[in-house]
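This report concerns only the one structure given below.
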Amino acid sequence: MAQYNEYSWFHLCLHRFPRELRKRWSFVLQTPKPRPTDSSLETTKSRRSCGYAWKSLQLTGLTPGIAWHTQRPGLRSRWCQAPPGSSGASDRVLPVSFLPRPGRTPATSLGCFPAVAPGSPRLPRLKSKPSRWEPSRREGGGEMIAELVSSALGLALYLNTLSADFCYDDSRAIKTNQDLLPETPWTHIFYNDFWGTLLTHSGSHKSYRPLCTLSFRLNHAIGGLNPWSYHLVNVLLHAAVTGLFTNFSKILLGDGYWTFMAGLMFASHPIHTEAVAGIVGRADVGASFFFLLSLLCYMKHCSTRGSSARTWGWFLGTGMCAGCSMLWKEQGVTVLAVSAVYDVFVFHRLKMKQILPTIYKGKNLSLFLSISLLTFWGTSLLGARLYWMGNKPPSFSNSDNPAADSDSLLARTLTFFYLPTKNLWLLLCPDTLSFDWSMDAVPLLKTISDWRNLHTVAFYTGLLLLAYYGLKSPSIERECNGKFVTNGKQNANGHSCHSEVEYGNSEIKPSFASKVENGIRNNASQRTQLPSTENIVVLSLSLLIIPFVPATNLFFYVGFVIAERVLYIPSMGFCLLITVGARALYVKVQKRFLKSLIFYATAALIVFYGLKTAVRNGDWQNEEMLYRSGIKVNPAKAWGNLGNVLKSQSKISEAESAYRNALYYRSNMADMLYNLGLLLQENSRFAEALHYYKLAIGSRPTLASAYLNTGIILMNQGKTEEARRTFLKCSEIPDENLKDPHAHKSSVTSCLYNLGKLYHEQGHYEDALSVYKEAIQKMPRQFAPQSLYNMMGEAYMRLSMLPEAEHWYMESLRSKTDHIPAHLTYGKLLALTGRKSEAEKFFLKAIELDPTKGNCYMHYGQFLLEEARLIEAAEMAKKAAELDSTEFDVVFNAAHMLRQASLNEAAEKYYDLAARLRPNYPAALMNLGAILHLNGRLQKAEANYLRALQLKPDDIITQSNLRKLWNIMEKQGLKTSKT
């Protein structure tokens, strides 16, 4: 084997130190190499050079990790100290010479100094206290430049979301969530799901995220419903998570540009746009924040285990942060499994076949204890959460997750295996993103011949190969941390890599633990080693896979096909995997051109990601832009939601077209059928509206709002019996397994309210009261009760139960102080009980609240009519009819007041208008006939009387008026229908 003289060996080792130190020792490197022919001169000069260099090493203030004893011929024996980076060496130290023994090659387990043979005797402890080693910037000092730069990029990329509005799920989670309101007890947050539904309800989403909901409530308390503050919190959280992830990457990759690469890639990845730009994505970002805190605490626990009592404080921090992460979002609890992977495969560097022997032989009990505690805590958290949500899984509609609803086992299996492949492609190439991937956004894989199965095979093959690479046993010759290794020993960078022989012949020691020398722990500061490439690959895969497992439908079905915000935590593993892969290639290739190509290709990927993120953020500015961007991926859902936006903008024709486009792609969407029917109803296209309401009910028989609007149209058309049956059927629909039970209860309450009004108009006041009381019992918290309370007062007033009527009028005014109908009805009650001046004040207050509402003038006119102020009453009646010429009640009552004021010609005009508004309403036709009768238009009067009797044959007043009319016509010689 080749022989090395003492000088040349030290000359080589010096090049292994950081560049800063080489500059300090440049005088040594520039020493001319002695001539090998003169062995005496060579020995003398090389010893002198080594002495100078070693003195320079001591003057740099580097903290020694291991004491090193040297003996030189002719010199007094003395202690020297090993350089930093040698902590991975064996803890046995021999007195050796700088000059290797003849016939032997110097080993390199310490990076610069000769390895020590196993079995060598231990040396006594140093008497002098070694100086503290301060790591240089290159070796991971206290600087946080990478963290700050990455966080700044994450902050800068999302600044354009601060002007965005509430979008998509934000409305339900924030704008209509009762748990955010100050009048709702804050403790409700811990009993309701993310959307405000009671967690134990059968229709609950079971998404228990109280810490996220609490943050929304704080936002609401400070800024109300201003979306700016909500977006600001999201952006700041993302910047904080980016900084933590960069710090985590620095521990694995060291302080260098590869750490920058990992942090910048995470900061700029476009898959994060839904989680950061969409306010409800705060659940994922907040969970990631505590996820990383928990993982970093556990890494600290591992590094201090067995050497400090504070190690269990770090473990307690791990458990608490894991619990907080789970309370932000469910997948946060998976950090405990990732921590276990880190401890076993990264910190202890165990291979798969070494785990069972280690447990069987009882070695490394501290590792076994930590893993056991992680398992216990994770099981406890999951058990508590399952109990809290009622021990039942959530239920979802078939459109949310079509594969779960498929009857074909083959289709379910192939699709569920393919979906992780699609998610990985979104991480790798996030070119096509969407706010929603439900329905048919990802068509089912129904046959083996589907070409997408090739993607599935390629994905799982690559995954298995990566796992094998990371978990395989070390070979004779392999790469470790980017450096060439022989027989398991790293060749240069000062970090040891253990060989299979080492694991087999000695007790397994954690590679990140502090060393023990001569049976006594060395208190000198130790530099933590960087894990090998294989270790980082294993940890990256665990970060990529384990947090994604809850979304795979493996243990329970989820309510989505693909959700981009769910990939926020797994993207950490992806970014780490891409970075370590690029680094491995960079180290492996020899040509500088290829190294530059790899480096700049990785940098270009980050730039492209950043540009895509900035562009995608623009889609989240408002709902219209967001839904238009999703038409390509999910046209049915996108067109339907876009129709709602266009309708709110009063673009009626465009909204109708959008609804019809949605139904073209998916004709059985009950929500879209209902929305189209509602649009047609608001534009007085009642027949078409009824058609679509019936289709919506056929598609979803539990859609209470469709029954409600169907009954209202039927009641306005005079089909009272059919309307009554519709309202009754709606009131009997249970709220079990419904996605939004609050909205359902509101619709049921409205149905009962309208049924009570129907009974009220028919004079069945006791039936109306019974229905109103049922409505109050079923009324949800968010339902506005003032109209219901007012109608209760009306019914009691009709039954001459005036104290009860006054009570409910006051309740109506307490629930809404500016409720105009309550002012009018309470004014009528006050007038009836003789409190005329108070009554007039309430009428005038109602007019003041809304001067454009004809109903207010109509009620005030009736009051004036009763007070015999006929001229004023007539003016109020005319003004009421002019303002609300399409409101039947206003027009009809105005005509009645004008008739009582003996203004028959004006009364005829408005009776005729009322009859046209409700052509099938018997009372309108009868009154029109009566005013025509009084005005001498006898034949028209007869026609209206007859039409009224056709609709209501047993009406005594109409029959009496018709007989009187016939008598007059016979006296005048006019032909009647009976003749």
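Glycine is no exception: its Cβ is also placed from the backbone N, Cα and C atoms.
Here the domain 'DUF1736' (391-463) has, by DSSP, the following mix of helix, strand and coil residues: 36 helix, 0 strand, 37 coil. For 391-463, the entry in TrEMBL reads domain 'DUF1736'.
Sequence annotations record features per position, and here TrEMBL assigns repeat 'TPR' to 636-669 (among others). Counting residues 6+ beyond its ends, the repeat 'TPR' (636-669) has Cβ neighbours under 8 Å at 168, 399, 434-436, 438-441, 623-624, 627-628, 630, 675-676, 679-680, 683, 699 in the same chain.
For the repeat 'TPR' (670-703), same-chain residues at least 6 beyond its ends with a Cβ under 8 Å from one of its own Cβ atoms are 636, 640, 643-644, 647, 652, 655-656, 659-660, 662-663, 709-710, 713-714, 716-717, 733, 738, 744. Taken from TrEMBL, the feature repeat 'TPR' covers 670-703 (among others).
Here the repeat 'TPR' (704-737) has long-range neighbours at 201-203, 395, 670, 673-674, 677-678, 681, 686, 689-690, 693-694, 696-697, 743-745, 747-748, 750-752, 754-755, 758, 762, 774, 778, 918-921, 951, meaning same-chain residues at least 6 beyond its ends whose C-beta is under 8 angstroms from one of its own. The repeat 'TPR' annotation in TrEMBL covers 704-737 (among others).
Taken through DSSP, the repeat 'TPR' (749-782) splits into 27 helix, 0 strand, 7 coil. Annotation source TrEMBL lists repeat 'TPR' at 749-782 (among others).
Outside the repeat 'TPR' (820-853), and at least 6 residues removed from its termini, the chain residues within Cβ reach (under 8 Å) are 786-787, 789-790, 793-794, 797, 802, 805-806, 809-810, 812-813, 859-860, 862-863, 866-867, 883-884. The feature repeat 'TPR' is assigned by TrEMBL to 820-853 (among others).
Away from its own ends, the repeat 'TPR' (922-955) comes close to residues 718, 888, 892, 895-896, 899, 904-905, 907-908, 911-912, 914-915, 961-962, 964-966, 968-969, 972, 974, 976-977 of its chain (Cβ-Cβ under 8 Å, at least six residues beyond either end). Residues or ranges marked as repeat 'TPR' in TrEMBL: 922-955 (among others).
Annotation source TrEMBL lists transmembrane segment at 275-299 (among others).
The transmembrane segment feature in TrEMBL is assigned to 364-388 (among others). Long-range contacts of the transmembrane segment (364-388) within the same chain: residues 199, 208, 301-302, 305-306, 315, 318-319, 322-323, 326, 330, 333, 336-337, 339-340, 343-344, 348, 358, 507-508, 510, each at least 6 residues beyond the stretch ends and with a Cβ under 8 Å from a Cβ of the stretch.
The transmembrane segment annotation in TrEMBL covers 454-471 (among others).
Residues 205, 252-253, 291, 330-331, 334-335, 337-338, 341-342, 345-346, 393-394, 396, 400-401, 403-404, 416, 419-420, 423, 437-438, 463, 466-467, 469-471, 566-567, 569-570, 572-574, 576-577, 580 of the same chain lie 6 or more positions beyond the ends of the transmembrane segment (536-560) yet place their CB under 8 Å from a CB of it. Among the features that TrEMBL reports, transmembrane segment is placed at 536-560 (among others).
If you look up TrEMBL, you'll see 566-586 (among others) marked as transmembrane segment.
Sequence-distant contacts of the transmembrane segment (593-611), counting only residues of its own chain at least 6 positions beyond either end whose CB sits under 8 Å from a CB of the stretch, comprise 153, 157, 257, 261, 264-265, 268-270, 430, 578-579, 582, 585-586. According to TrEMBL, the transmembrane segment annotation covers 593-611 (among others).
Residues 158, 161, 164, 166-170, 173-174, 194, 209, 211-212, 215-216, 227, 230-231, 233-235, 237-238, 240-241, 244-245, 247-248, 251, 314-315, 317-322, 324-326, 328-329, 331-332, 335-336, 338-339, 342-343, 347, 435, 547, 564-566, 568-569, 572, 616-617, 620 of the same chain lie 6 or more positions beyond the ends of the transmembrane segment (275-299) yet place their CB under 8 Å from a CB of it. Taking DSSP states H, G and I as helix and E and B as strand, the repeat 'TPR' (704-737) has 25 helix, 0 strand, 9 coil.
Model confidence over the repeat 'TPR' (670-703) is summarised by a mean pLDDT of 93.
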